[in-house]
Amino acid sequence: MNHHEMIRLTALQMAEELRKKTFSSVELTRAHFERIYEIDGTAEAGIHAYLHLNEDEAYAVAAEVDAIRAAGGAEAEQLHPYAGVPIAIKDNIVTIGQPTTAASKMLEGWMSPYDATVIRTIRAAKLPILGKNNMDEFAMGSTTEYSAFGVTRNPWDLNRAPGGSGGGSAAAVAAFMAPWALGSDTGGSIREPAAFTGTVGTKPTYGSVSRYGLIAMASSFDQIGPHARTTADAAALHQLIAGHDPKDATSLRTSWDGLLDAAQNQDLRGMRIGVLDELQGPGFTDEIDRQFETVLDMLRDAGAIVSIVECPNIKYALPAYYLVVPSEASSNLARFDGLRYGNRVVPHEGATAAEVMAASREAGFGDEVKRRIILGTYALSAGYVDAYYSSAQRVRTLVQQDLNKAFEKVDVMIGPTTPTVAVPMGEQVSDPVSMYLDDVVTTPANLAGIPAISIPGGTADHGMPVGMHIQGPAKADEVVYRVAAGLERLIEEATGVPFYDRAPELTAAVTMEGERL
Amino acid sequence: MSDLTRDQIRHLSQLAHLNLTDEELDRVSDELDQIVDSVARVQEAASEDIEATSHPIALTNVFRADVVRGVLSQEEALSGAPEAETGRFKVPAILDEDDR
């Protein structure tokens, strides 16, 4: 099998071929680095999904896995089934031995002295870490144009954004530069880039995956989850990283062992699927609506029971999100002041602590981060806290109640992940309100802590991917995977090829010479 | 329009330890005005009798035995510090700021 064929396998297929010794982990890792060197390029010309490559360590882990498999015996039998399959990591998850910057100048060059719990799990399973992915600074943004180290581009059309904030991870997976990646989702940062890049992304139930070692944006919303090219791959990675962690006080004591099985049970007969009345029509492009209707027909034909459900307060979810998240973010980011954390700027000799803090934060933070810190400070300030922050927290209650009520009638809810396909680069940088509207579908799941997934649901405007968003009740991640996998199968049957194989063929000529830029 | 003024933005940025330039103040004032307008409607839905939710799952205090466990070494803990001196974090003086 040549390198081109190797990287186009799913992560689970790679794992199987490694176990059968069709190829080695070193070969597989090399194939991915070759692909990265061929097409990733820079922010000026290329996809720019990676901020840092971790070659030495990745090859060392791969060689170790190969040696254990070659030796056979008890140690080989104890290897994790996915050992040797490479992975990429969003740059807000801390890793020993590689920079962790959250795409901010504030943390440029910082090396963590400890690993996030998910990274410890990845290392224990011996998955070679290819490198760290680009993102919107401190995970704030819906396009990956707010990275301090330059934009990431969408592999389906280099003139368009890959979505945010995990655009680097999604683009790496979409362009076969990694079979899977870890991201974080505060209001859609895994699911929205999945929708824009034709990949699969999951926001697990809040508390299912440890947040220890994730650089916090909004602690009651953030959740680590998988980026992948198939639902089964996402479920497999989710199952690997899920579980109770004593280092995270919000970690649930729930078993998540059935996720992959659920993703392989694609039977949709009798599944009750709800369509949210409030998240249709205005704001969604006609082509997205049409593609959604096609998907609903497919689900009905497969035996699912589709009905309209109402969540009257869902229209307040996005404004509530954009009040509470900046409030939590302004608090979480207060530690980055050049004194306690972050790069220090001393404006003049004998500068006071306050002057050092202000100069460090001015130099270290980008526009979107500053905007949200000030918005959060405003929402929490005396005189406004009741009108904004407290009201938004009450809306959170209403949204949770609405969703709970809806899930008494249906097993899951489905809709398009985003109102439009991937936006042209630069279009939303000057219009934050428009950018925030991209998150209208995804934010309720974070407000309520419920699981949600985005899978490719076909193509629409300009041949760009459309994401379909499936969400279920808290802890019902299995059900979400089952429906997602069923729909994925229907879409594949309709076209004859896995969706990820429909991505444009990228070559060095396209990405480096800028023919399509 | 919201009642957010340029002076308020300047005050908020000072509270948040952010030095904004005049140009940034102009831009942020316009943008925040629009953002606050678009999010203010949470007040329509949120009557006083509705309980606020701060967290998606019920939280309980987590306790552990007060025993020493694996921790970072002093060297590891200081490895990411902007400045260190004699094994400690070094930060600008705070207590005597008023004397300067």
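For all residues, glycine too, the Cβ spot is worked out from N, Cα and C.
As recorded in TrEMBL, the features of this protein are as follows:
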type	residues	note
ACT_SITE	A:Lys90	active site, charge relay system
ACT_SITE	A:Ser165	active site, charge relay system
ACT_SITE	A:Ser189	active site, acyl-ester intermediate
DOMAIN	A:27-479	domain 'Amidase'
**Request:** Give, as a single whole number between 0 and 100, the mean pLDDT over the domain 'Amidase' (A:27-479).
**Result:** 95
**Protein Cβ atoms within 10 Å of the residue listed as 'active site, acyl-ester intermediate', excluding its own** = 37
**In three-state DSSP terms, the structure that A:Ser165 (active site, charge relay system) belongs to** = coil
